[in-house]
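Swiss-Prot annotations:
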- GLY37, GLU38, ASN39, GLY40, ALA41, GLY42, LYS43, SER44: ATP binding site (BINDING)
- 5-240: domain 'ABC transporter 1' (DOMAIN)
- 240-497: domain 'ABC transporter 2' (DOMAIN)
Amino acid sequence: MSATLRFDNIGKVFPGVRALDGVSFDVNVGQVHGLMGENGAGKSTLLKILGGEYQPDSGRVMIDGNEVRFTSAASSIAAGIAVIHQELQYVPDLTVAENLLLGQLPNSLGWVNKREAKRFVRERLEAMGVALDPNAKLRKLSIAQRQMVEICKALLRNARVIALDEPTSSLSHRETEVLFKLVRDLRADNRAMIYISHRMDEIYELCDACTIFRDGRKIASHPTLEGVSRDTIVSEMVGREISDIYNYSARPLGEVRFAAKAIEGHALAQPASFEVRRGEIVGFFGLVGAGRSELMHLVYGADRKKGGELTLDGKPIKVRSAGEAIRHGIVLCPEDRKEEGIVAMASVSENINISCRRHYLRAGMFLDRKKEAETADRFIKLLKIKTPSRRQKIRFLSGGNQQKAILSRWLAEPDLKVVILDEPTRGIDVGAKHEIYNVIYQLAERGCAIVMISSELPEVLGVSDRIVVMRQGRISGELARQDATEQSVLSLALPQSSTALPGTDAGTETAAQQAA
């Protein structure tokens, strides 16, 4: 089998950080090559070199035995390379069709033929088995749908080499199955593919070979995954053994700290009520579109409620905006870090301290920069945030380190009472997940009421004290930790026509397959 793509001793240095250090491996024709490593290990940097966004400081990229050097995304695309990044790149106010054909819209005498563009896109989407409306604006689509647009864009270019960075991080199971079929079809068509994922199941199901990164270096390359254990890969990734990633231990729970009663909103099929005690972690599980995020946006004041009541420490409160929620000590860590969580052009220190700067004012006017720096340095060390300094722009950090900085923001807030976490470990490696779970436990031990939305069922089962399940815009049930199993949770999450699961392996498999 010939190597279509070869990375030969690739090195890349940023100020204060060696992102890649002598990385070499081959990606063969007709092969899906998995790439694994902790956040900040250098995987995405390598893909940015392949995509022409960065140039290597040393080493060579070779295609079909010839050295290539991409100085722009356009030169990479022209060479038959398609790179789909974890942080999506699209024009929100253009339609699906316009985004898919950006730069190659059919035209006549300088006029874009929109009818022909929509027809072409509709035919190609149907052929790929992707259910997207070519006329829909990207801004109106869910994150999962936007991710499918990015994937389809690469496939429409008929690329020879396709690199996917966490492509399923926001996809439902059905969308993931569509993607897997596309990848298998491309492999059969002799394309060469790189597949980055933190989901071990996907690597074993889809990949023919796998390379492991750690701290910018290639630690191992496995030409086949047969006989390679998951423990081996985890140990190669993190440099240590993680016996229990969740590290859960029971803690005493206090009185009800936060309660939502009969919350109504446009995305909910019926009023929703729940409560969370001091020190309690309540996991919210459901399929994509079940209404979990929508409910929390109503509670947080990000979306307008049609009705309902909120109480905090037994007293009624009004929350009509995110600012009002924060003043009550209620915070939301959003699913979409890039759009809603980080201030991309600000430093790591500024992002950590953004919510608690009012505590650093001297004489009510002057910011105590020393205290701000001390707080940032403390949490960078505590959460092992990989950054050359607190002054580094947060946009240059990996997704996992950005997430840790966002969590630090709330750990630094002394008046915190309620924390809502929406997919807190999406796109994050196993080592960073372990650290983030410890942060969640620290918040709970402080007496915070924690709500954790997650589409990863093992995570919900492993971290939560209690699990609330949503289905089709309503709360379908709740389970205590000791009563919760994969099957009992899924039976509450699936549409009612599919809930007759108990006792059959086939039923359990069907349930698992439909879970996000």
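Glycine is treated like the rest: Cβ placed from N, Cα and C.
A quick note: this is a predicted structure, and the numbers were derived from the prediction, not measured.
With a cut-off of 8 Å between CB atoms and residues at least 6 apart in sequence, the same chain places LEU35, MET36, GLY37, ASP165, ILE196, PHE213 near LYS43 (ATP binding site), listed in sequence order. In the predicted model, residues of the domain 'ABC transporter 1' (5-240) average a pLDDT of 86. Other residues of the same chain near the ATP site, with their Cβ within 8 Å of the Cβ centroid of GLY37, GLU38, ASN39, GLY40, ALA41, GLY42, LYS43, SER44, are THR45, PHE213, SER398, ASP429. For the recorded site, LYS43 (ATP binding site), the DSSP three-state label reads helix.
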